[in-house]
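What follows is a single structure, written as structure tokens, with notes after it.
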Amino acid sequence: MAILHNLGFPRIGRKRELKKALEAYWQGQSSESELEQTAAQLRAQNWQLQQGLDWLPVGDFSLYDQVLDLSFTLGNIPARLQHLAGSELDNYFRLARGRSAQDSACSCIHAGEMTKWFDTNYHYIVPEVTAQTEFSLQSSRLLQQFREAKAQGVQAKPVLIGPLTYLWLCKAKDQSEPLALLPRLLPVYQQLLQTLQQAGAEWIQLDEPILATELSEPWQLAFVSAYSLLAEVPVKLLLASYFGQLGANLPLLQALPVAGIHLDAVRGRAEVQQVLQGLAPQQVLSLGVIDGRNIWKTDLTAVLDWLEPIAALLGDRLWLAPSCSLLHVPVDLDSEQKLLPELKNWLAFAKQKLQELQILGLALNQGRLLVAEALIDNAAAIASRRQSALVHNPAVQQALQQIRPEQAQRQSPYPVRAQQQAARFALPLYPTTTIGSFPQTTAIRQARLALKKGTISAAQYRDQMQTEIAHAVAQQEQLGLDVLVHGEAERNDMVEYFGEQLSGFAFSQHGWVQSYGSRCVKPPIIYGDISRPQPMTVAWTQYAQSLTTKPMKGMLTGPVTMLNWSFVRDDQPRQQTCLQLALAIRQEVQDLEAAGVGIIQIDEAALREGLPLRQSEWQQYLDWAVFAFKLCANGVADSTQIHTHMCYSEFNDIIAEIAALDADVITIETSRSDMELLRAFEHFDYPNQIGPGVYDIHSPNTPTTAQMVKLMQKAAQQIPAQRLWVNPDCGLKTRQWSEVLPALKNMVAAAQQLRQN
Ligand SMILES: Nc1nc2c(c(=O)[nH]1)N[C@@H](CNc1ccc(C(=O)N[C@@H](CCC(=O)N[C@@H](CCC(=O)N[C@@H](CCC(=O)O)C(=O)O)C(=O)O)C(=O)O)cc1)CN2
Ligand SMILES: [Zn+2]
């Protein structure tokens, strides 16, 4: 009997109920108990949606982030938050976003740093530690949720991030090594496991996704000592690895004294046989056979062909699950009314993935005949996708064949271009700019909703967006910024907006995936060869330029980011899809240039996070990713200034490749990490211009002029002032005008002060 379980479920809700509840609470429109009530309802709904499995996850729900939750569970709260007024929830949101619902704008708390969860588009709050950090158990949240699940008749399996992955995610605020805290951390984990076991937990899932990365020897050894200690608690541990192959960690995992092992059998299929052979006699093997990172239907017959011999061997020691938590896929395909039926039939969201799991379970446990109809339908869908004319476009394939390497090179080297551009734009020292978006107000979003519903016409919508653009331009002129942007009012999202205009892309109506906190994205679905039927941004940019004599930056999303933030086809290499995107965006770059736009920013916010988890695979990825960017960006005249922007850029390791992009200017996020990025420059002289972000846009707090001057002075120690720009960390779309204006005013003042020094 194969046992069915799930590693985690999306918590945002089918209609983003959690988002709405959080934002209402933060704005003081609802109480803490109303928020908790919505949260409890969502948990109940989610368990309901997962009925039919043998074990359901508990502890996967979070009001903001599961890593932040764990920091609170372990009592690891930075000193700056201790002794502040308010409840634990207030402190929770202070660490998440710099402010609780009770705080006023002036009581500023430095929010925790936010960064990407492995190679996903999900962001977690980085736990902070020092050599002095002590842990203490605060188990009430988990216990309460465990009891809540049991009260609802749920067969509950608590899920937790494992101690090694937790420490690996930690950042030391001194020079200490987080791994050194393991001896202090383990007793608290032991206590936690014990507490859950006493509350009735039979199995506990510990997630250790770092097993899919290359671990140095100290980390490997730490696994052995940590799990030997945890094994002392009389509860069954399911150790979950996901997001890739185990590689050299495979023997390590096999040696650990745990009751069960979960493997990512999508990305790590090739290793399953080897793990199987080394399995201990009582050990459970959980195979993640359904892709938790993509939205395509599983080829159930192929999986069954592969699984049946394993099931025969393992009996009820075989567990089946999605490859990882379903946090990274939308909730329910049934909500979609507008997808082409042919395409919709190829897809599975979280709910459908669990249905696939149940079909597999029935087929294995009671024979394929019982689910014959479902298997036939599934096989038909798989075959239809393989053959569909929607997918293949010979003209695109041909264009790909004709790419020449010299298309990716600028005409002259940077110093020559820089001179021409300096003459053309005549910018001051420390030029100021923003990253592109201005606040996406309720009015803007409602106009888009009205357009969708047909209650306003396309012309009315265009007029309203032009009014918004004019407003953004006027505000920037008044602030005295040097290089302006149109503000991206017309864009729902920097990826979805372009996806909607490109062939080969589909987009959902409700396919929301949590990005961070209450913020969600609706990743477009790349199902076929990509082309650009017509210009996408030229008219908006021209309109904006017509309103000002200052340079107006054109604003595009780059090919690598389009790829990494979409659900991509799995029937051709990612690299090939990326080149198709590069060609389409290249056309847009050239149309902008032809329309007289002299500065063009091509965002590659996701270039860094697209790095494979194993360093040995980095170079191959970087080679094609860098080429794709250059292909899209570099077909312009020397006097055209290319900017790029990257978020959460811990790119110490890839600074040479960042330089190889040869963008004239790069703007990056650095403010929360206190210009830590600049470490990269200690060993490498970045040759072109750079704008290290000085304004943390993820927090509602206003940065002061003095703070920003200080950050820039720090930057100027590493990079000549002639090559520095002054700008926020990232786009301003999540902020309100009342937050943005004072912050930018201070920023412009900072630049003026710097120029006088
Ligand atoms: N794809 C992507 N990934 C990314 C980023 C990014 O910008 N895009 N940035 C980083 C993460 N940062 C992010 C920053 C902001 C948002 C964000 O603001 N998301 C919005 C949704 C954006 C969107 O698509 N909006 C649509 C639909 C908005 C909507 O909810 N409409 C309402 C109605 C309008 C209303 O009454 O407000 C509805 O349909 O019910 C639009 O503008 O048209 C949100 O969660 O609120 C997401 C991620 C990294 N990853
Ligand atoms: Zn950004």
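Heads up, the Cβ atoms here are built off N, Cα and C, so glycines get one too.
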Same Zn(2+) 1 site as His645, Cys647, Cys730 according to TrEMBL: which of Glu617, Glu657, Glu669?
Glu669
According to TrEMBL, which candidate in Glu468, Glu477, Glu609 joins Arg16, Glu17, Leu18, Lys19, Lys116, Asn121, Arg519, Cys520, Trp565 at the 5-methyltetrahydropteroyltri-L-glutamate site:
Glu609
Record-annotated L-methionine site (TrEMBL): member among Asp316, Asp591, Asp603 besides Ile435, Gly436, Ser437, Glu488:
Asp603
Binding-site residues close to ligand 1 - of Arg16, Arg519, Trp565, Asp603, His645, only those whose C-beta is under 6 Å away:
Arg519, Trp565
Given the binding-site residues Gly436, Glu488, Arg519, Cys647, Cys730, return the subset with CB under 6 A from an atom of ligand 2, ordered by sequence, or none if empty.
Cys647, Cys730
Hey, of Leu18, His645, Cys730, which of those binding-site residues are within 10 Å of His698 (active site, proton donor), Cα to Cα?
Cys730
From binding-site residues Leu18, Lys116, Arg519, Cys730, the one whose Cα lies nearest Ser437 (L-methionine binding site):
Cys730
Of the binding-site residues Glu488, Asp603, Cys647, which one has its Cα closest to the Cα of Lys116 (5-methyltetrahydropteroyltri-L-glutamate binding site)?
Cys647
Just give me the nearest neighbour of Glu669 (Zn(2+) binding site) among the binding-site residues Ile435, Gly436, Arg519, Trp565, Asp603, Cα to Cα.
Ile435
Report the same-chain neighbours of Arg519 (5-methyltetrahydropteroyltri-L-glutamate binding site): residues 6+ apart in sequence with Cβ closer than 8 Å to its Cβ, ordered by sequence.
Lys19, Thr734
